[in-house]
Amino acid sequence: MASRPNPSLTPAITPPPGLYSQLIDPPNNDLVFIIICVVVICVSTPIVAVRLYTRYKIKPTLGWDDATCFAGWIFMVTLGALAIRNLQWGGGSDLWNVSEAKFAALKESFHITVIIARVGMCCTKVSILLLYLRLLVPQGTKWTPIWWSIWLCFWYNILYAIALVIAEATECAGRTHKAVDEQCINEYALLICASAVNVSSDIMILIIPIAAIWGLHMPSHKKWKISAIFLIGGVAVVSSVVRLGYEIVASKRPNQSIAITTIAVLKLGEQFIGVVVSCMPILPAFYRHVRTTSVVTNTHNAGLSESILGYQRKNKNNNFKDRSKRSTAKDPFPVNSTTNAELTTRGYEELDELEAQPKIYVTKSEWESQQPRTAKVPPLVQHFDPARDIVKDTQVDVSSESRYP
């Protein structure tokens, strides 16, 4: 009976015609993969740090969207480290230059990589959805179409991640031994199905904020500007589609060592885009915080479009003198403080909530009909500003008739 060849000295596959196996110091693409992983980690780290710093700066309260974003970044760094580690098992070399022993170790490591990537992407998407919940759904409001859409997508991602992790972790349950080239399940069939579900969830996450913004009472040009910020998430959809297409093509290629590493790097890039997208609405606030002085002017707080796009809206209604320094709308995940003692340290405005109900105006005649003629200083009244959809306190000045239309 012939003995089985040493797997450490046997190529995983037969080399193509005209080529030969080189198991010792083979040519590889390790440097390219390492550079990609290092760049992704180095770029994402300060972005996540800026988000957490900006949210924590004024009032030390962080939300679940921040916690899940940080968790997603941790899993992304772990994924990058695993992708680099896979190179020692021949992940950057052609499969005919990789021994059977190394290829078996590479496939085992790839199972762990898939699980880490799925959990990390789930955390990142949950962070984005919780941010939507904070921005697009007023506090105490439930059962609206946007509320349902967010929670449907939330549980869709959670259950999908759990199902994929269980499938990957138990694919060979009950089997103690298998041949080197044997698979317990069709690995690529599982990856392709998972990627298709991933693309569908990315599309849902892209559509939700656009639908919410176009249901608000604001000019169309402002809707387009705010929508453009969220449309950046379309890059994540493109990356998901690219990975899905590559997995379909790679499933038919014999050179699996390069394919496995490329899929891992594509997963890393997709998760990097998700982390950046989840931090995008916070970055302009940090920029204004850095460039502003410690003395805050007596301008009212900007709304969501101002916080994201970084411009100051002029008050077109000169009938009122705005005494408010900030919006009185409460954030379910508060990160701000609006006390007078903290006004000198406030150098930026955090994202405000959006409220999509019809607005009410208080005119001069309506106010005078409810006030005695002897009143010299009118009390504070509340009105809704349709451009900002945020409740604020203002004071009516009746000393001059020219202030009223």
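Just so it is clear, glycine is given a Cβ too, placed from its N, Cα and C backbone atoms.
Quick caveat, the model's predicted, so the values are computed rather than measured.
Annotation comment: TrEMBL describes 31-50, 109-133, 145-168, 188-214, 226-246 as transmembrane segment. What TrEMBL records for 50-286 is domain 'Rhodopsin'. Here TrEMBL flags 316-339, 365-405 as region 'Disordered'. Under the heading compositional bias 'Basic and acidic residues', TrEMBL lists 385-395. The feature compositional bias 'Polar residues' is assigned by TrEMBL to 396-405.
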Legend entry - Tertiary contacts of the transmembrane segment (188-214), as residues 6+ beyond its ends and Cβ separation under 8 Å: 114, 118, 121, 125, 128-129, 132, 135-136, 145-146, 149-150, 152-153, 156-157, 160, 164, 167-168, 171, 223, 226-227, 230-231, 233-234, 236-237, 240-241, 243-244, 247-248, 250-251, 263, 354, 356
Inset, instruction - Residue list, the transmembrane segment (145-168) vs rest of chain: Cβ under 8 Å, 6 or more residues beyond ends. - result: 111, 114-115, 118-119, 121-122, 125-126, 129-130, 132-133, 136-137, 185, 190, 194, 197-198, 201, 204-205, 208, 211-212, 215
Legend entry - pLDDT averaged over the residues of the domain 'Rhodopsin' (50-286): 83
